[in-house]
Amino acid sequence: FVNGKVCKDPKLAQANDFFFAGLDKPGNTANALGSRVTQVNVAQIAGLNTLGISMVRIDYAPGGQNPPHTHPRATEILTVLEGSLYVGFVTSNPDNRLITKTLQKGDVFVFPEGLIHFQQNVGYNNAVAIAALSSQNPG
């Protein structure tokens, strides 16, 4: 039992303990935020336990947003696959500065661990991003 998850006997490990299908499928953005986050963390792939990594796919409708939030246990690195995103984070005390950038397809941006951050689709079409996180359970 590590990190709140039961560890499987390594002799019983199978390929499905390290597998997730469906990240190629768009998330349903027909909601108040106009976005959908598809998580791939230790809850979806048991084999991630103790490995210190996870990822997400984020789909955005035009104007959709992933509202301000934090990951108390992970730094996030986000790559835009389609569309145009306005992204940013707020630095910690004492300055509390807002750092922002508009990203295009292929651009990468980092959100430091524990800082409030957000993304918003500023394009006229759907946008898609993939993010990697430095924890199997980023929070």
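Using N, Cα and C of the backbone, Cβ positions are placed for all residues, glycine too.
Automatic prediction, not curation, is the source of TrEMBL annotations.
Per TrEMBL, the features are as follows:
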BINDING   Asn66, His71, Glu76  oxalate binding site
BINDING   His69, His71, Glu76, His117  Mn(2+) binding site
DOMAIN    21-139  domain 'Cupin type-1'
The domain 'Cupin type-1' (21-139): DSSP-derived helix, strand, coil residue counts: 3 helix, 55 strand, 61 coil
Residue among the binding-site residues His69, His71 whose Cβ has the most other Cβ atoms within 10 Å: His71
Glu76 (oxalate binding site) CB neighbourhood, other CB atoms within 10 A: 23
For the domain 'Cupin type-1' (21-139), mean pLDDT (0 to 100): 97
Extra residues within 8 Å (Cβ to Cβ centroid of Asn66, His71, Glu76), oxalate: Val56, His69, Thr70, Ala74, Leu78, Phe111, His117, Ala131, Leu133, Pro138
Cα distance (Å, whole number) from His69 (Mn(2+) binding site) to Glu76 (oxalate binding site): 12
Euclidean distance between Cα atoms of His117 (Mn(2+) binding site) and Asn66 (oxalate binding site), Å: 9
Cβ within 8 Å of the mean position of the Cβ atoms of His69, His71, Glu76, His117: remaining residues of the chain near Mn(2+): Thr70, Ala74, Phe89, Phe111, Leu115, Ile116, Pro138
Neighbourhood of His117 (Mn(2+) binding site) by C-beta distance under 8 A, where only residues 6 or more apart in the same chain count: Pro68, His69, Thr70, Glu76, Val87, Gly88, Phe89, Val90, Phe111
C-beta crowding around Asn66 (oxalate binding site), within 10 angstroms: 24
